[in-house]
Amino acid sequence: MQLNGIGKHSIRFLSDKASRFVPKGGVYPKGFMVGGIHCGVKKDGKSLDLAILTNTHGKSAVASAVFTTNKFKAAPVQVSSKIVKEKKGEEINSLVVNSGNANAVTGSQGMKDAQDMITVTDSALGNPTNSSLVMSTGVIGNNLPISKILSGIPQLAGGNLGNTHEDWLNCAQAICTTDTFPKLVSKSFELNGHTYTLAGLAKGAGMICPNMATLLGFFVTDAPVSASALDQILKFATDRSFNSISVDGDMSTNDTIVAIANGAAGGELIDNTASSAESFGILQREITGFAQQLAQLVVRDGEGATKFITISVKNALSYGDAKIIASSIANSSLFKTAMYGNDANWGRILCAIGYSQVSSGDSINPAKTNVSFIPSDGSSKLKLLVNGEPEVVDEKRASEILSVEDIEVEIDLGTGGGQECKFWTCDLTHEYITINGDYRS
């Protein structure tokens, strides 16, 4: 990542992020191996740029994936989505990822390169054809240095995979581009008398806007779950996590979120039938919370960001309307720059609410709308607007609330609908311009 023009204070802040958010250890699912190496995609000659994750359990795994909605879908997105669709999520065991080049808008050669990455990975791991999915991230419009990648895959698969914390960190680092720290989360949970484990990695710092953008994420579990149930759970979880974040309002060509389950920890199969309803609900809750934790790390690492902002919309007529309103605020450059400047300009919040494209005119009633800042120290909320009437705001307290890293804005629509949504974003700073102005240099 280029740091030209970024001051010493900002560099210290970025380093502090890494120390706070990169785990010193973790718990990892049974039956998976991961790793990352430098194969030559990145120009500096040393940064990790090739990652593999694979199922080593005796039985084949199941997978689900959610892909970008951008019309210019990158070659790896097209190839991987076809495999998931044709195999209905069954017998997908591995992921291969390169960073530094997106393999997007690269024509027929890009499609061939993406398929070749899968073919060589399957061969190196001893898996049947099309048992892997492929991801790429980086600069758009350049062909991959494919010979370097195809030479690197057997090297990585042949002796550089493992299940230690270091292996998982290497894998997380190998998918980064402008990220200032690798994003890795893991946890264990109890279900039906068994202990199951989740581990996840994500990449993203810029071009983050629903529905996903320059965002790669994958998480795996050793819980036993059917392909159809995993697909339903992933879509629910993604809608409330990776599709509920925004950094800069740009949507990428390469977004991919993948979940893989191998059942290595044993137990009864969890599916989406009535007999599994309770177990399905618990697993969905665990995966959704886990996905939110991983997605929030992407926002915390937003390019140039100094603030982590939670937007809570309450008492909406529907979850969909609550999310539309929250997204409208999160993508407002005026709102984001106000947060950077510790400016309690709630008029910008109302403006974004007012132009949001909600499904019904009844969803927003100016005379019932309430806006507040929720302090991170647990003290009483600072009311800015109550039932459409402005409050006399203590500007000093408002500035103090906005001066810390974690900020929450609460919007109570007062419709009585009871639906709510949380959405996460960051501020917009001078450093964002510097980073993106230097991206290809």
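Cβ atoms are placed via backbone N, Cα and C, with glycine included.
According to Swiss-Prot, the protein has these features:
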type	residues	note
ACT_SITE	Thr214	active site, nucleophile
BINDING	Thr177, Lys203, Thr214, Glu303, Asn436, Ser441	substrate binding site
Binding-site residues (Thr177, Lys203, Glu303), the one with most neighbouring Cβ atoms at 10 Å: Lys203
DSSP three-state assignment (helix, strand or coil) for Glu303 (substrate binding site): coil
For Thr177 (substrate binding site): DSSP state (helix, strand, coil): coil
